[in-house]
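Engineer: Here you go, one structure.
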Amino acid sequence: MSEPELIRDVVRGVPVFPDEMPFFDPGAAPESPIELFFTWLRQAVADDVAAPHAVTLSTVGDDGMPDARVVILKDLTQAGWQVASSSDSPKGRQLRANPAAALTFFWPAVGRQVRIRGAVSIGTTEENDADFQRRHPVARALVLAGGQSEVMDSRRVLDAAVDEQVQRLEAADGIASTTWTVFTVAPDEVEFWQADQQRLHTRLLYTRFGAGWRRELLWP
């Protein structure tokens, strides 16, 4: 009987970084991490990085255990990074109970990562509804059907519930959700990470300091 294949043998030879990566000079970085993030995001879009607006949202549950999932960045303002979800979803409940979160963007095609930590605020009724109305009709119907992350008996139950809500949306304009919520992560720390083939990665940390930001280089 042959030896079982070990995961470490499978992943050991997988390339980690691309052959060519963009240059990052932390000494030329702007005073605001929001400005630098805009620059990096626009470059990622220009470089055709897959789903550059996908971000890992990390929260903490009532049991003190960390929780994480990938969501889509909705917007970025001077107030912070915005994501959205139903308030009665697991992440929505966690953010209401413990209004703090971490966000992680990872763009392996260009060897870049951005990490954000900060307090979370909830959007106004107008902001929440505006974002909800911009969603695809089926996405809105799914929110209205409710039950995110709950156990379901079969796919037929989901299809029937969504179909019912799609018909509601087609019959009337402007139907709102009472649970859809925009969450803004106001940054206290933002780290920009640029990979290096020799593992001499460049790490620039922005830490909120009074009304501005302190910039520091970190060891790889």
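Keep in mind that glycine also has a Cβ here, set from the backbone N, Cα and C atoms.
I grabbed these lines from TrEMBL:
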type	residues	note
DOMAIN	42-164	domain 'Pyridoxamine 5'-phosphate oxidase N-terminal'
BINDING	ARG69, VAL70, VAL71, ILE72, LEU73, LYS74, LYS91, GLN113, GLN148, SER149, TRP193, ARG203	FMN binding site
DOMAIN	180-220	domain 'Pyridoxine 5'-phosphate oxidase dimerisation C-terminal'
Engineer: Within its own chain, what residues at least 6 apart in sequence put their Cβ under 8 Å from the Cβ of GLN148 (FMN binding site), listed in sequence order?
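Structural biologist: Same-chain residues close to GLN148 (FMN binding site) (Cβ under 8 Å, separated by 6 or more) are SER85, SER86, ASP88, SER89, PRO90.
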Engineer: Excluding the flanking five residues on each side, which residues at least 6 beyond the ends of the domain 'Pyridoxine 5'-phosphate oxidase dimerisation C-terminal' (180-220) place their CB within less than 8 Å of a CB in that stretch?
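Structural biologist: Residues packing against the domain 'Pyridoxine 5'-phosphate oxidase dimerisation C-terminal' (180-220) from afar: 16-17, 21-22, 24, 26, 29, 31-34, 36-37, 40, 74, 77, 79-87, 92, 95, 101, 103, 111-123, 127-129, 131-132, 143.
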Engineer: Among the binding-site residues listed here (ARG69, LYS91), identify the one with the smallest other-Cβ count within 10 Å.
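Structural biologist: Sparsest of the binding-site residues ARG69, LYS91 by Cβ contacts within 10 Å: ARG69.
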Engineer: Could you tally the C-beta atoms, other than its own, that fall within 10 angstroms of the C-beta of LEU73 (FMN binding site)?
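Structural biologist: Here the count is 19.
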Engineer: When you measure from the Cβ of TRP193 (FMN binding site), which residues in the chain that are at least 6 apart have a Cβ under 8 Å away?
Structural biologist: ARG112, GLN113, VAL114, ARG115, HIS201, THR202, ARG203
Engineer: Give the number of CB atoms, excluding that of VAL71 (FMN binding site) itself, located within 10 Å of its CB.
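Structural biologist: If we count other Cβ atoms within 10 Å of VAL71 (FMN binding site), we arrive at 17.
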Engineer: Please report the DSSP secondary structure of TRP193 (FMN binding site), reduced to three states.
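Structural biologist: It is in a strand.
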Engineer: Max Cα-Cα distance in Å among ARG69, VAL70, VAL71, ILE72, LEU73, LYS74, LYS91, GLN113, GLN148, SER149, TRP193, ARG203, the residues listed as binding FMN?
Structural biologist: 37
Engineer: Based on DSSP, name the secondary structure state of GLN148 (FMN binding site): helix, strand or coil.
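Structural biologist: Its secondary structure by DSSP: coil.
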Engineer: Is it possible to list how many residues within the domain 'Pyridoxamine 5'-phosphate oxidase N-terminal' (42-164) are helical, extended or coil according to DSSP?
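Structural biologist: The counts are 44 helix, 43 strand, 36 coil.
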Engineer: When secondary structure is assigned with DSSP, how many helix, strand and coil residues does the domain 'Pyridoxine 5'-phosphate oxidase dimerisation C-terminal' (180-220) contain?
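Structural biologist: DSSP classes over the domain 'Pyridoxine 5'-phosphate oxidase dimerisation C-terminal' (180-220) add up to 0 helix, 30 strand, 11 coil.
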